[in-house]
Amino acid sequence: MATSTSCTGSTLLQPISTIIDLPLDQVNFVVCQLFALVTAFWFRLYLHPSKTSPFIRHVVATLLGFYLALFCFGWYALHFLVQSGLAYGVMIFTGVEHMHKYCFVVTLGYLSFCQVTRVYVFDYGMYSADFTGPMMVITQKITSLAFEIHDGLMKREEHLKPSQKYLAVRKMPSLLEYLSYNCNFMGILAGPTCSYNDYVAFIEGRYYEPKHLESNGKENGKFKQCDPSPKRDVIQKLCTCALSLMVYLVIYTACPTERAINDTFMASNPFYIQVLYLYISMLALRPKYYFVWTLADAINNAAGFGFNGYNTDGTPKWDRISNLRILNIEFATSFKMFLDNWNIQTSLWLKRVCYERCPYNPTAATFLLSAIWHGVYPGYYLTFITGIVVTMAARAVRHNVRQHFLGSATLKLIYDVITWFSTQMAICYTVVPFVLLAVGPSLKFYSSWYCCVHLLCVLLVLVLPVKSRRTKQQEQLGIVQASEQNCISSPDSNCNQKQKAT
């Protein structure tokens, strides 16, 4: 029974949980998110920056966030304050030179401690709304802010990438600004992560100023307005939420992933039926995440956060902090395309704090960090270890095969169909341990498939050569240097244009 699941938060909604037969913690989560949605409209209309000060907006956003956290998680919500407080202390009392590293270790370490105690001390099998979920988002925000402060206060402008220049924080945030960024009611329960500069600009009423530009860089005078309305996008996202929830409750209930390792099911069905079943099961599981992330996006948009300029027809875009692109996920033709459109803000966090900064084997380091961040279930590590091999194999195939299918539209279509099917199967195969969580069931599944995807990927990596990122950078540097040398030896009128093109 759903009502037998323990809940650390409020029991006010217990009768509703009993009636609809869902765990109370999940009911609390959904109701709190719906409350946050309504509150977000009020926040945008009645606490608009033109009507009140940033101080009031920070205070209200923070207090509402703490209230929602207490309602959902009870005293466990204190972990949010402890984690944030420890990291802020590190920021204040350690030097800026190494502050980002200390914050990273302390914040991720505290998250891992809470995940270990939740899984192995209290309730191993519980996989519903739990207090470490919001802590995962807070971890992203704290570590991102630490690196952004380091970039803004320690590095020279010319040493920063364009994205790092935009994200760099030039002064230490106050305690109120810091807590508001980490624990505001719009993102306390399900995120998504956003940059500190974007959040503060939103609170202070500067958020729309740089967005009044068309794609050609010219000011959009025809459609420019001071406060674009998110109403249309919020309604669309709520419709997506309703459809996603219906698909998940109807189809996934009938096709759970656990059945894929049922002895009777495997013995009574041929392999191609098992493959088809696994695809349908994973296809029906993803809408659970679509529901959570799209609802969180709608809440931020309703508050006026997430504006990303205008479309060519003058309608506002509200996808700046969106966490997924559903059509790009379902029709992905590469493993990278799937990952780039799934949990987008987490992918950006991994890229900014790990992939772009890790000097050795950044792909493996990024997958390892993702596994540690997700938690301590063994299935997570099996998934991300498999993901490393699949990513390397997909990269090898793309670099060695794709160019042979670009000669005609027909060949390109054939390539896209094959890679779409291969990507979907690779995703299903890789993600099964993430769903099953435990080692035994995960290994049972892989053995039932004879570890075929693992073996195929290892073979492709060994057979197909792929240039490393460092080799590519060296080749690009060589091209630039050769171009400059040609310009020196034969200075002509086109030299400057060639250098700019390079």
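Positions of Cβ are set from backbone N, Cα and C atoms, glycine also.
What TrEMBL says about this one:
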TRANSMEM  27-47  transmembrane segment
TRANSMEM  59-78  transmembrane segment
TRANSMEM  234-255  transmembrane segment
TRANSMEM  267-285  transmembrane segment
TRANSMEM  379-397  transmembrane segment
TRANSMEM  417-439  transmembrane segment
TRANSMEM  445-466  transmembrane segment
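Outside the transmembrane segment (445-466) by six or more residues, the chain places 260-261, 266, 274, 386, 389-390, 392-393, 395-397, 399-400, 425-426, 429-430, 432-433, 436 with a CB less than 8 A from a CB of the stretch. If you look at the transmembrane segment (267-285) against the transmembrane segment (234-255), you find at least three C-beta pairs under 8 angstroms, all six or more positions apart, and that counts as contact.
Between the transmembrane segment (417-439) and the stretches 27-47, 59-78, 379-397, Cβ pairs under 8 Å are most numerous for 379-397. Listed as Cβ neighbours of the transmembrane segment (27-47) (distance under 8 Å, sequence separation of 6 or more from its ends, same chain) are residues 7, 9-10, 13, 16-17, 20, 56-57, 60-61, 64, 68, 71-72, 129, 185-186, 189-190, 230, 295-296, 298-304. Outside the transmembrane segment (234-255), and at least 6 residues removed from its termini, the chain residues within Cβ reach (under 8 Å) are 277, 280-281, 283-285, 287-288, 290-291, 294-295, 297-298, 301-302, 318, 326.
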